[in-house]
Structures are given as C-alpha cells and as structure tokens.
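One structure below.
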Ligand SMILES: NC(=O)C1=CN([C@@H]2O[C@H](COP(=O)(O)OP(=O)(O)OC[C@H]3O[C@@H](n4cnc5c(N)ncnc54)[C@H](OP(=O)(O)O)[C@@H]3O)[C@@H](O)[C@H]2O)C=CC1
Ligand SMILES: O=C(O)C1=N[C@H](C(=O)O)C[C@H](O)C1
C-alpha cells in the first residue's frame, strides 16, 4: 500500500469534458488535493507522470478508457474511474494488469452520486419481494453510450439479489412486434434508455407485484452531485490497492 501524502497530487483525464471540468474545479478547491495535470483528447499521458500525479481521475469515454487505465497501472499510478462501459470482461482485464502491479489501486464507480448509490442499494433490497422489475434510465442527448453504466450495474445487483432469493423468472407474455420495443435485457432485467434535451442523469427502478408497485427514483440535476463521491474516491484509492468497484465499500469504512 502507498503511504498517503498530506497533499495528494491529482491528474484529470478528459479534463475539458463536462465531468472533467467539474472535477478540476472540485480538486482545485480541496485543501488536501493539488491539481497537477489536466489532459484531454490529443494530449500525451506522460505529462501526468512528469507532473508527479499520484492519482488520476478518468472521465473520458468507453473507447479510450482502457488504454488510459493500462498506461496508468503500468506506471504504478492509482486511478479513479467514472467513465462508463465496464463489462465483466473489461474488469477482468484490469484485475490482470493490477496483479502485475500490486501497489496500484483502481476504483471504478458506475455512479459517484451518493443518492444514486443509495438508489442501487435500495433496489437490491427490494428485489426479492416483487414479481417484476424494470429500469428506466434517462440522460442528456450528448451521452455517447446506452444503456448507462449505472443501469447496467443496477440490473446486475437486482439480478444477483433475485437469484440469491430463488425468485422465479418475471412474468411477461408480450411478443415484441418491433425490435427494441421492450428495451434491452441485462441478466434478465429489462432496461429502457431515454435521451432528451434538458436532462442530466436520472434513473427509475420500477417494481411490481400483486396490487402494488414501488418506484425508486434518483435524479442528478447538476454534475456537482458527483463531486463528493469523486473526492472521497481520490482520498481513499491510495489506501486500496487492487480493484474496487463502486463507492459502497468506502461508505461503510
Ligand atoms: N461515474 C459517474 O458518476 C459518472 C460517469 N460519467 C461518465 O463519464 C464519461 C464522460 O462523461 P462526460 O464528461 O459527460 O463526457 P464528455 O464527452 O463531456 O467528456 C469526455 C472528455 O474526454 C475527452 N477525451 C477523449 N479521448 C480522450 C483521451 N484519449 N484522453 C483524454 N481525454 C480524452 C473528450 O474529448 P473530445 O470531446 O474531443 O472527444 C472530452 O473532452 C462518460 O463515460 C460518462 O458516462 C458521467 C457522469 C457521472
Ligand atoms: O454520461 C453521463 O452523464 C452519466 N454517465 C454515467 C452512467 O453511464 O451511468 C453516470 C451517470 O448516469 C451520468
């Protein structure tokens, strides 16, 4: 484990993006963090190691994040990753890289919003008590991927909770007359993706059983909602070698 310095030197990848700009502002404003490197498309990653970054924060896009991560782990630099697109295959690759660099830590969180984390925990808790559950995620139209990383993670934790409780398959007699009408399916849970101007990041988990429904909804109305979680991760990642998924273990510390 790396000793945690009094001031953590932080680099931001995707620094001119919507999230990157917000992260730079938040890091800059934190007394115990120093913003030493800001890298965006077309700029060289080695600037971050030259600047002595101890933690990198990646908010880029699913096409480039794996190269960034590989480079950082090779350098022994810890990384906090918010970028979406992490399948089980990708996580396995990251575990492989980390095995060769035991000091480095990588924390990948599908969502840094505290409310979003609670929404996923509440959904996992409710899962076993309802016959049906579907997820509706809603985002701004400049989002590059669908379904969202948050909805994929939510579907997985719900599916795991249902499997652990021995829930039967969900009732659904519908024949899909047009492809996509019933959304996509992740571990047996339907996910519907909406993209509309004016939205930021929102998700509903809709449960149904005989005579009642339960809707668990989270709204990020502004990207500042993600910053307390990002800063928490930056402060913890040097103490957590290996791969950490989500902020849940940090909130329990
Ligand atoms: N985990 C969480 O809580 C959250 C996760 N996200 C995720 O974070 C990611 C970024 O979202 P958002 O900020 O809205 O996206 P943006 O497109 O606004 O920002 C991404 C930035 O990364 C830049 N970029 C592209 N390639 C590279 C590269 N190789 N090295 C460095 N920078 C690069 C882009 O440049 P260019 O535009 O020129 O390509 C852009 O400036 C998405 O995957 C999103 O889903 C978003 C919000 C919260
Ligand atoms: O692109 C976004 O904006 C967001 N992406 C993440 C995701 O894919 O879940 C997190 C949050 O929903 C905002």
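Using the three backbone atoms N, Cα and C, a Cβ is placed for every residue, glycine included.
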- Item | Record-annotated NAD(+) site (TrEMBL): member among 40, 50, 63, 131 besides 14, 15, 16, 17, 18, 19, 82, 83, 84, 109, 110, 111, 112 | 40
- Item | Whole-number Å value for how far residue 143 (active site, proton donor) lies from residue 109 (NAD(+) binding site) (Cα to Cα) | 17
- Express the predicted model's confidence over the domain 'Dihydrodipicolinate reductase N-terminal' (8-112) as a mean pLDDT, rounded to an integer. 97
- Around ligand 1, within a Cβ distance of under 6 Å, which of the recorded positions 109, 139, 140, 150 show up? 109
- Query: When you average the Cβ positions of 140, 149, 150 for the (S)-2,3,4,5-tetrahydrodipicolinate site, which other residues in that chain have a Cβ within 8 Å of that mean position?
  - Reply: 84, 110, 111, 137, 139, 143, 148, 151, 201, 203
